[in-house]
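Everything on this sheet refers to the single structure shown next.
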Amino acid sequence: MRALLARLLLCVLVVSDSKGSNELHQVPSNCDCLNGGTCVSNKYFSNIHWCNCPKKFGGQHCEIDKSKTCYEGNGHFYRGKASTDTMGRPCLAWNSATVLQQTYHAHRSDALQLGLGKHNYCRNPDNRWRPWCYVQVGLKPLVQECMVHDCADGKKPSSPPEELKFQCGQKTLRPRFKIVGGEFTTIENQPWFAAIYRRHRGGSVTYVCGGSLISPCWVVSATHCFIDYPKKEDYIVYLGRSRLNSHTQGEMKFEVENLILHKDYSADTLAHHNDIALLKIHSKEGRCAQPSRTIQTICLPSMYNDPPFGTSCEITGFGKENSTDYLYPEQLKMTVVKLISHRECQQPHYYGSEVTTKMLCAADPQWKTDSCQGDSGGPLVCSLQGRMTLTGIVSWGRGCALKDKPGVYTRVSYFLPWIRSHTKEENGLAL
């Protein structure tokens with residue numbers, strides 16, 4: 001009973017003192033306070049210290065900038081409160097049991113410097129292209145980009161910007177080798193990606209296939225995407241688009257002036273032969289594509305010059321997560337596969353003689369990620385001599401991410417003469 005009375009008396013003293021002017025005492029002890037925060041303690045518990053933060057900051061060390069609504073650069077020093085991914089899913093807390101098993105978490109020795117703590121706010125501790133967080137997807141946490149915009153997108157330049165030019169294979173975000181499997185991305189990471197849609201009689205529009213911008217006026221895709229509806233008037237093309245059915249800042253919309261399908265295209269039970277198409281595009285104003293941080297051309301390879309087998313390459317698209325899915329994902333996805341030799345791909349338990357020298361095979365060594373329905377026509381890009389190069393066009397395959405059934409791609413280096421003969425603008429192509 002005496003112990004209980006003593007505790008009650010202590011509580012009364014603390015509460016009464018907190019109403020006075022001497023509740024907090026600034027102390028020289030190091031609390032690691034940031035952004036002008038001061039280290040303080042209570043009069044009766046001088047061995048307990050914490051940070052007293054300026055108005056716009058919060059967190060244990062005043063490390064959270066409550067006023068920050070956008071990120072600068074790649075967001076490495078972003079300390080705002082965005083806490084959802086681009087699909088609107090909540091981020092996991094950096095100190096949650098699930099995240100503590102990952103590489104970046106709140107218990108790291110450098111967590112404070114990286115902005116990680118007892119919160120679920122988006123951060124960029126590993127210098128990726130923008131802030132991200134861990135999101136629970138199924139049974140495991142996945143790295144996902146965050147719903148927070150670049151401060152530069154909302155700034156008006158004080159002086160006229162330099163004229164932008166197309167520089168094939170260059171992207172504002174650094175190459176990342178980490179669409180069954182894979183991860184969500186934004187168009188800045190694949191600025192040559194073209195989203196192709198088909199108009200219907202009732203006025204509705206549906207996504208058909210992907211494509212790649214090879215010059216300001218030309219997109220290359222796969223013939224099988226258009227063979228059933230070959231009228232150019234049926235199609236529209238978007239460049240600079242990250243989301244399937246909603247607007248992306250800076251995107252451009254184009255009509256199809258000319259649709260060229262390969263005259264020798266054919267399809268077997270499974271394989272597609274000469275599966276390549278060209279779309280000449282123009283806007284309502286009659287202009288071709290204009291370069292920006294979200295719109296860029298992809299380099300074309302030289303004749304028969306393909307990366308060596310085993311090279312890691314990127315595939316991009318709005319393809320389904322699984323072949324049995326009904327809907328396409330709303331956000332653009334990207335993943336990495338490795339090129340497979342023709343000899344291996346022509347093995348009987350792979351595809352046998354269905355694979356020809358006009359095709360390339362690529363797959364994830366663990367068979368966990370692959371192109372899938374809806375990725376057709378999209379790019380397979382590989383780094384070649386320091387530039388991202390269009391090595392293949394998504395064409396066909398059995399299922400999605402099935403063991404011993406890699407994705408098969410149209411071999412772009414084989415079709416260079418065909419591309420040049422139809423575009424008639426070799427100097428304007430991204431060679």
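Cβ coordinates are placed from backbone N, Cα and C, and glycine is handled just like the others.
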Per Swiss-Prot, cysteine bonded by disulfide to CYS151 (from CYS62, CYS70, CYS225): CYS70
Range annotated as region 'Binds urokinase plasminogen activator surface receptor' in Swiss-Prot, from 10-33, 34-57, 394-417: 34-57
CYS51, CYS133, CYS146 filtered to the disulfide-bonded residues whose C-alpha is within 10 Å of CYS31 (disulfide bond): CYS51
Closest of HIS224, ASP275, SER376 to CYS91 (disulfide bond), Cα positions, active-site residues only: SER376
Of CYS31, CYS361 (the disulfide-bonded residues), the residue whose Cβ has the fewest other Cβ atoms within 10 Å: CYS31
Residue with minimal Cβ packing [other Cβ atoms within 10 Å] among the disulfide-bonded residues CYS151, CYS225: CYS151
Packing count at CYS39 (disulfide bond) (other Cβ atoms within 10 Å of its Cβ): 18
Those recorded positions, out of CYS51, CYS62, CYS146, CYS209, HIS224, CYS225, that come within 10 angstroms of SER376 (active site, charge relay system) at the Cα: CYS209, HIS224, CYS225
